[in-house]
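Everything below concerns the one structure shown next.
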Amino acid sequence: MVQRWLYSTNAKDIAVLYFMIALFSGMAGTAMSMIIRLELAAPGSQYLAGNNQLFNVLVVGHAVLMIFFLVMPALIGGFGNYMLPLMIGASDMAFPRLNNVGFWLIVPALVCLVTSTLVEAGAGTGWTVYPPLSSIQAHSGPSVDLAIFALHLTSISSLLGSINFIVTTLNMRTNGMTMHKLPLFVWAIFITAFLLLLSLPVLSAGVTMLLLDRNFNTSFFEVAGGGDPILYQHLFWFFGHPEVYILIIPGFGIISHIVSTYSKKPVFGEISMVYAMASIGLLGFLVWSHHMYIVGLDADTRAYFTSATMIIAIPTGIKIFSWLATIYGGSIRLAVPMLYAIAFLFLFTIGGMTGVALANASLDVAFHDTYYVVGHFHYVLSMGAVFSTIAGYYYWSPQILGLYYNEKLAQIQFWLIFVGANVTFMPMHFLGINGMPRRIPDYPDAFAGWNYVASVGSFIAMISLVLFIYILYDQFVNGLTNKANNKSVLYTKSPDFVESNEIFNLNTIKTSSIEFLLTSPPAVHSFNTPAVQS
């Protein structure tokens, strides 16, 4: 056991470890969000006894757990490590031991994050950790320092993983697999790795300066010493905006594969899809100040960031319409992954539309720091990144495990989370338009109605996640029975347009699903092909 799981250098085992920590963190983050929603279900103080600091500690815990310990480990560490070598015909990742270190840095990071909530009054700064609220005057204990260490460790982990993904993709493709034949999920992880590589050092620099300000009397963000807290915001958001694309681009890759498989046809405009992802990634670095319209930027600066932000809608639209064109005229099977993919298309588009509204500097003056923003980013994260994670699990887990989930239960779980998430986050837009501020545990009575609706929706979504845990249990215990009883709607193992590993160099058809041509579950080393350079 110790040899296999503690010292593991096998990408598949490390991916399983990533999934385990993602599931654990996701449950913890969901629990925190439920406490937040219970507190906000009615005006006045409900459960936190007026402890507003604790409310903000829950907010920062929920955010950091969901972003750094659920979505990134699941989509990048889990699906990335497991599927990327299979899809390019590599026997493992390029640096297997680096992979192991990358995972085991996540665990102390999680410990640091949990500890930060337990010392003094916790880090009640919001996930952005803005000074002067995060300065030593406003947060005097070591809580913020521990949160900074957690960010440092996850950053190093992600950087090591990114280097690994880039080198693997460039150097370990099988014979005949040119970059143009790379499956879309591999492209997604590849582009994501570059985004991480370029954005994380900036975050690390920013929080390191904050650490020095707090403990070693420097004045990077201290006005009295000639510093400027706005510098921190620029550094943070130069990471923070690419980060949201880091969270969603692997989801784009998963959705492409699912839509293609269940429509029985290749993705419409595959090269365009790759260029769209690359454009989104590049433009993501040029728009960071749209998070800061109200800090006193010049009018021409605001005009630039408004225009640049709206340009990102173009490659995103290319992706949405290409997915729709893939579905159009296909032989559609509405199995669970396809339901999630179609829901993703609708809900991600809604999130994108509210994003276009927020891109306008003049409108954002009204919307900034209201629940409109919360509604917007939960549509793209909760119903974009998380939906694509669950979709990817339902799509690949029968192949990964050789065990099948109960299709009927999975469909019920889909409809529950679909209804629950919408009922939770749609009212937030209405609250935001009416001016309800974020990160405040109490509110005027006028906001009571929609807040109650949102809290009911969060309860529905939580029930669906409990059902998801039961579906996992059922899959591990009764997986073979489910397969035998046809309780699972099986996809065809290899759609007509998929070509096998041996004939890459003989044809020009771009394959997208070698992983389904392997044994189920795959062997410890699925391929023994030598690494070749194109």
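Backbone N, Cα and C atoms are what each Cβ position is placed from, and that goes for glycine too.
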GLU39, ALA42, GLY44 show up in Swiss-Prot as binding Ca(2+); which entry in PRO427, PRO437, PRO441 does that record put in the same site? PRO441
Have a look through HIS241, HIS257 and flag the one Swiss-Prot assigns to the Cu cation site that HIS290, HIS291 belong to. HIS241
Lowest local Cβ density (other Cβ within 10 Å) among binding-site residues: GLY44, PRO441: GLY44
Are there three or more C-beta pairs under 8 angstroms joining the transmembrane segment (338-360) and the transmembrane segment (414-436), sequence spacing 6 or more? yes
Segment proximity, the transmembrane segment (338-360) to the transmembrane segment (237-259), 3 or more C-beta pairs under 8 Å: yes
Quick note, ALA42 (Ca(2+) binding site): same-chain residues at least 6 apart with CB under 8 Å of its CB -> ALA448, ASN451, TYR452
Nearest recorded site to HIS368 (Mg(2+) binding site) by CA-CA distance, among binding-site residues GLU39, GLY44, HIS376, HIS378, PRO441: HIS376
Neighbourhood of HIS62 (Fe(II)-heme a binding site) by C-beta distance under 8 A, where only residues 6 or more apart in the same chain count: GLY29, MET32, SER33, ILE36
Beyond the flanks of the transmembrane segment (375-397) by at least 6 residues, Cβ under 8 Å: 66-67, 70-71, 74-75, 79, 82-83, 244, 247-248, 250-252, 254-255, 257-258, 261, 335-337, 340-341, 343-344, 347-348, 350-352, 354-355, 358, 403, 405, 410, 417, 421-422, 424-429, 431-432, 468, 475, 515
